[in-house]
Amino acid sequence: MTSSYVGRFAPTPSGYLHFGSLVAAVASYLDARAVGGRWLVRMEDLDPPREVPGAQQAILETLERYGFEWDGAVERQSERFPAYAAVVEQLLRSGLAYACTCSRKQLEGFAGIYPGFCRDAGHAREDAAIRLRVPELEYRFVDRVQGEVRQHLGREVGDFVIQRRDGLYAYQLAVVLDDAWQGITDIVRGADLLDSTPRQLYLQELLGLSQPRYLHVPLIVQPDGHKLGKSYRSPPLPAEQAAAPLTRALRALGQRPPAELAQASASEALAWGVAHWDATRIPRCATLPEERL
């Protein structure tokens with residue numbers, strides 16, 4: 001069975017894969033393979049100062065040990081900077097973006113919503129971030145798991161950064177351009193990115209790009225409520241006995257694997273997941289406590 005489905009897993013090499021990463025990888029992989037779709041791997045290495053040496057290779061080796069097989073070459077965002085630069089220039093020329101010299105201190109007290117201080121200031125680009133003007137509109141989309149999501153860009157976000165003051169490109173810009181460039185039809189990722197999606201929809205609309213389908217899976221969190229991640233020193237995935245974490249990830253996604261699957265090989269665990277995948281079973285919540293899994 002083949003289909004037009006193209007999915008992707010896009011880790012950030014600021015550390016090694018942990019259980020939360022595995023849940024996202026399993027969800028995106030099974031959602032693609034269950035319908036005969038393609039599954040790509042992309043390194044979101046936008047921020048070199050935060051990248052851990054050797055993490056990219058370690059991530060790929062972990063995916064292989066856990067039975068994942070991706071299609072095509074691994075793409076890297078660090079190789080796409082000229083494409084991002086061209087779009088930033090296009091948006092500046094059209095008046096849809098502008099230079100912003102605001103410091104973090106100036107923006108304290110605005111709850112992350114940009115107040116528009118530089119919107120009509122006409123600053124030069126030197127030593128400035130680039131922000132995208134947003135409309136006073138509510139954006140709406142229906143997530144395959146989380147349901148209807150609404151966000152008023154003007155009131156809840158404000159003009160947002162597409163290129164940082166240090167010249168590095170923002171995630172919101174890069175992810176939209178790369179998903180379009182790679183022909184991604186379905187984005188399956190963690191619910192921590194649900195709030196970013198309306199900004200991405202707006203960019204897709206501005207640039208005349210097609211809108212993929214979205215599925216945001218619950219985020220695995222620690223007892224203190226923080227998500228599993230490199231910032232909180234979450235343990236990396238074990239190198240051996242991959243089927244046990246894979247089976248646990250299947251349970252986190254609402255699937256019903258037999259207990260004995262934890263003793264199988266990694267490829268057998270993923271094959272079971274592909275054969276029995278049912279996205280409607282994924283819990284409709286933003287977070288899942290790790291200790292309950």
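A Cβ is built for glycine as well, from the same backbone N, Cα and C atoms used for every other residue.
Positions annotated as L-glutamate binding site by Swiss-Prot: Arg8, Phe9, Ala10, Pro11, Thr12, Glu44, Tyr171, Arg189. Proximity of Pro11 (L-glutamate binding site) to non-local residues of its own chain (separation of 6 or more, Cβ distance below 8 Å) is seen for Leu17, Ser21, Ala25, Val41, Met43, Glu44, Ile59, given in sequence order.
Residues or ranges marked as motif ''HIGH' region' in Swiss-Prot: 11-21. Residue counts of the motif ''HIGH' region' (11-21) by helix, strand and coil are 3 helix, 0 strand, 8 coil (DSSP-based).
Secondary structure from DSSP puts Cys118 (Zn(2+) binding site) in coil. Cβ contacts within 10 Å of Cys118 (Zn(2+) binding site), excluding its own Cβ and spanning all protein chains shown: 19. Positions annotated as Zn(2+) binding site by Swiss-Prot: Cys100, Cys102, Tyr114, Cys118.
The motif ''KMSKS' region' annotation in Swiss-Prot covers 227-231.
What Swiss-Prot lists as ATP binding site is Lys230.
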Item checked: Residues flanking the Zn(2+) site, with Cβ no more than 8 Å from the Cβ centroid of Cys100, Cys102, Tyr114, Cys118 and excluding those residues themselves -> Thr101, Leu107, Pro115, Gly116, Phe117, Arg119, Ala129, Arg131, Asp159
Next item on the list: Compile a sequence-ordered list of residues in the same chain as Tyr171 (L-glutamate binding site), six or more apart from it, whose Cβ lies below 8 A from its Cβ; state 'none' when nothing qualifies.
Entry: Glu44, Leu46, Ser196
Next item on the list: Starting from the Cβ of Cys100 (Zn(2+) binding site), draw a 10 Å sphere and report how many other Cβ atoms land inside it.
Entry: 21
Notebook entry, point to check: In which DSSP state, out of helix, strand and coil, do we find Glu44 (L-glutamate binding site)?
Noted result: coil
Check: Which has the fewest other Cβ atoms within 10 Å: Phe9, Tyr114, the binding-site residues listed?
Finding: Tyr114
Next item on the list: Could you measure the widest C-alpha to C-alpha distance across Arg8, Phe9, Ala10, Pro11, Thr12, Glu44, Tyr171, Arg189, the residues recorded as binding L-glutamate, and give it to a whole number of angstrom?
Entry: 16
